[in-house]
Amino acid sequence: MRLLEERILADGTVLGETILKVDQFLTHQVDYRLMKEIGRVFADQYADLGITKVVTIEASGIAPAVYTAEALEVPMIFAKKHKNITMTEGILTAEVYSFTKQVTSTVSIAGGLLSKEDRVLIIDDFLANGQAAKGLIDIIHQAGAKAVGIGIVIEKSFQAGRQLLEDLGVEVTSLARIKHFDNGIVSFLEADA
């Protein structure tokens, strides 16, 4: 997605050899116009797959996920990183390692929000090692639902996440695919959409 790549080049900051800071439009401050376009592109990509729910993990995946759900006209669910006292029965959980934060979290979705009839599109802000999406796939399977696709805003293609998810049999669509960082400069591969 050329618009996203241009925004990364204009407002993204490379930190070290593996981190891209995009807090100007995605991970802290949200550019709703860009997120709306991202949602439209994901919805167009998966329009024929009978998606019934969009799922993400809080927090930075919420903006692109909600706009994708709006474009598909389906509900959006976000997995919580901290258990809420209102989540009492049938909680679906998975352990997820965050590459950026270097911590493992237990993420959860309340029971009853997903069912065996659901065809789920996962949306997330970044794909690095694939553990966040893998955890969501696990939760979706616990509910008996089917993960039919994964939409990624920014993929770090120099890490193994895509291969992990494709090996699980789930289609990955990334709107910006980073080949590498070179002296603070982002180099892209061809995006999926």
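Every residue, even glycine, has its Cβ placed from backbone N, Cα and C.
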Additional site residue, Lys156, Lys179 [criterion: listed by Swiss-Prot with Leu20, Thr27 for xanthine]: Lys156
Sparsest-packed of the listed binding-site residues (Leu20, Ala128, Ala132) - C-beta count within 10 angstroms: Leu20
Distance [Cα-Cα, Å, rounded] between Leu20 (xanthine binding site) and Ala128 (5-phospho-alpha-D-ribose 1-diphosphate binding site): 11
Residues satisfying Cβ distance under 8 Å from Gln131 (5-phospho-alpha-D-ribose 1-diphosphate binding site), sequence separation of at least 6: Val96, Tyr97, Ser98, Phe99, Gly161
